[in-house]
Amino acid sequence: MLFQNDADIGVVPIDHVYCPTWFHIVYYGVFMPFSYIGNFLTCVIVIRLMQFRHSIPDVLVGGLALNDVLTAVVVFTWSIIAEIRQEWIPWPHLCRYHAVAKAWYIYTTFAIIVLMSVERWLAIIKPFYHQVHMTTLKMKLTIGGLGLFCLLGSSISLVIYPVDLKPGWYCAMTAPYMVINHTRVEIPGAYPYPYTIGIAVMLTIGIAVLLVCNIHIIIVLRKKSFKRLGIANIQLENRFAKVMGIIAVIFVLTWVPSLVTKMLSLKYATSLPVAEFWSSRIVNMSVAVNPLVYGVMKSTYRRAYWYLIRMTVHFCSFRIIPAPDYGFDIFDTRQGKSIQSTQNYKVQKENTDLSSDEKRQHICGKTVGSESKACVLTCVNCENNSHSSFVSVNSNDNDQNLM
């Protein structure tokens, strides 16, 4: 008879949960690579964007992406290695370190997503207060404070309570138990109620805050009078409402199973291996969904994703595959410069193969024929891809009419 501790953690989980083969393929073949690549590209994009603009949404997206990259590298990597080996790495204290890191990063992701909803709620409902009091520095300090709070809570709880290797190759806190003939027997009355109650309360409050903020935003946008707004502003407001609705739905779908698992564990005062396995898998999948929601659905990030992917393919193919026609100024979003730079590069490439007369026809938008007198071009810094202004001279018949 032996009490469970770090030294007694085996290389395989005591509990076994059946998982379909197709889910293994989707989970490890799709979500895991996207967790690494998608969040890493998002971090690169935010770093480049912050060189040209300083916005609170970029700070939040960058903080979330950085935390998710650390989650993938520090937490998921060990689980993938164990899945390949079909046994846990027998290093001393690795399981406790893995449990602390998993709880820290996952709950920090939860806190940042809730913070994003609160920040957007302030920006829409109380724009003056948001503009005066909210700055990028304050938001960075807030994200750092949330990360330290989650680290403190995870470390203290997992130092007090023992950890165990769970199905799905991850370590987490468990109730104290005894091992008798290689069978786990939990100690009656030793279930860690304080820790589980604290996590359940945190999840309940976070999900409630997120739902209230997003529902209020949608209601306000629906009821707002658009008489004083232009058509472009109306489209942006409606598009933002749809994005926030999608964010809320995905967030609830990925985190509610974890809350239900905590509630059931409190009710039965025991660990639930099957519920813990699937709720953990769903929460891990949300790490891969975050770049899709906060990145791909925004045109700025979508263009930047495509540029980075094409540049990666260009260098990986030893420059056999051509690079994109535009450069790093795609990240300069000041007054829409990224779109203009893309268009200017495309026009420059099209004009490189044209003769002088064809260039005049292409730029002026006219056909140089016998009836047209001239097409006078005034080009300012054409070779530097700057703005160009063109003046077209009327034909001889129009000149006579004006006279």
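Every residue, even glycine, has its Cβ placed from backbone N, Cα and C.
Keep in mind that TrEMBL annotations are predicted by a computer and have not been checked by a curator.
Now, the feature entries from TrEMBL:
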DOMAIN    38-294  domain 'G-protein coupled receptors family 1 profile'
TRANSMEM  25-47  transmembrane segment
TRANSMEM  59-84  transmembrane segment
TRANSMEM  104-122  transmembrane segment
TRANSMEM  143-163  transmembrane segment
TRANSMEM  195-219  transmembrane segment
TRANSMEM  240-258  transmembrane segment
TRANSMEM  278-297  transmembrane segment
Exercise. When you check the transmembrane segment (25-47) against the transmembrane segment (278-297), do you get at least 3 Cβ pairs under 8 Å, counting only pairs 6 or more apart in sequence?
Worked result: yes
For this session: Note the mean pLDDT of the domain 'G-protein coupled receptors family 1 profile' (38-294), expressed as a whole number.
Result: 83
Seminar exercise, completed: For the transmembrane segment (278-297), the distant same-chain contacts (Cβ-Cβ under 8 Å, at least six residues beyond its ends) come to 17, 23, 27, 30-32, 34-35, 38-39, 41-42, 45, 61, 64-65, 68, 71-72, 76, 106, 109, 113, 116, 166, 168, 170, 172, 243, 246-247, 250-251, 253-255, 257-258, 260-261, 305
Problem set entry | Residues from the same chain, set at least six apart from the ends of the transmembrane segment (195-219), whose C-beta lies under 8 A from its own | 107, 110-111, 113-114, 117-118, 120-121, 124-125, 153, 157, 160-161, 173, 241, 244-245, 247-248, 251-252, 255-256, 258-259, 262-263, 265-266
